[in-house]
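For reference, the structure discussed in these notes is given below.
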Amino acid sequence: MSKQKQRSSRHRHRPRNGRERRPAATEPEGVITLPFTKMHGLGNDFVVLDMISHPVNLTTEQIRQLSDRNLGIGFDQMLVIDAPRRPDADFSYRIFNGDGTEVEHCGNGARCFARYVLERGLIANAPVRVQTANRLLELHDDGDHQYRVDMGEPDFNPESLPFSAEPALEYSLQLPEEVRFFAASMGNPHIVLLTDNCDKAPVHELGSKLCTHSAFPQGVNVGFMQIIDRDNIRLRVHERGAGETLACGTGACAAVACGIRAGLLNHTVHVELRGGSLNINWQGEGYPVLMSGPAESVFEGTIKLTITADQETAHGNRR
Ligand SMILES: N[C@H](CCC[C@H](N)C(=O)O)C(=O)O
């Protein structure tokens, strides 16, 4: 059986066209009950929505409200699972920061995605191929809730962030104080600053200033990397659209790739973040970055949402 057929036979109730959908429970006019799952990767926390079974297009404002840790559910990012949009993928998934902005990649989220679809039998077994806005990821299950993700290749071209500068190993900005940093895209934009002590790094003050600096028209994630030795780093990340998180998977990949490219690190690095640790491997130009780490599922819930008429239509149409 061709790989394509093998792949489709691995899906339980998941015809390619995604047509079989169970509408979210609908209550009085415009109110729906939306099931969600709360998950995290090293404390970087997510709300996971299954848009195949419960289709609804949330507005930016609704995402912001749901991310509020007092008024909503609370999360760093929302992961939205959907049917694949290309034949070589098993699923697609969309990622939204807590501020409602949609982004291209989420490393900790990819591991949680893998656990979600495998534990629910939405696919028979790993590897799971999932497409994001601009990448195709391959997710592997290493057992004991440890997952390994082929994160794709780092892109060191500053235009990929975007950041208008001549390609270089290291860059600088006058804030007015001079700040030096590496830059890489993992599908989403990262800059990485070296620090001799993560605990004392000005993650919030400097991170928030750089994250929204005009040099980065689409914003940027700001990592603070402390090199312990060639096999171990500590890392804190001020994330675009979320602030400092307890861990950042794409940030760990970007930091290690930049460190290896600068000749400061070996090819497999243990990354200690505030929420725990990841193992990152990168063999160099032309190779993908491989990330290994845990994914935890915390609780299931439902939330009532008032949706507008056109969302209702979209909701209805996607049944
Ligand atoms: N804030 C990031 C997206 C989430 C990345 C992070 N949570 C990860 O695990 O990679 C951005 O705006 O590009």
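The backbone N, Cα and C atoms fix where each Cβ goes, glycine too.
Taken from TrEMBL as is:
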COMPBIAS  1-16  compositional bias 'Basic residues'
REGION    1-27  region 'Disordered'
ACT_SITE  Cys106  active site, proton donor
ACT_SITE  Cys106  active site
SITE      Phe299  site 'Important for dimerization'
Secondary-structure category, per DSSP, in which Cys106 (active site, proton donor) falls: coil
Neighbour count (Cβ, 10 Å) for Cys106 (active site, proton donor): 29
DSSP-derived structure type at Phe299 (site 'Important for dimerization'), helix or strand or else coil: strand
Length of the line joining the Cα atoms of Phe299 (site 'Important for dimerization') and the residue listed as 'active site, proton donor', in Å: 20
Cβ neighbours of Phe299 (site 'Important for dimerization') where a neighbour is any other Cβ within 10 Å: 8
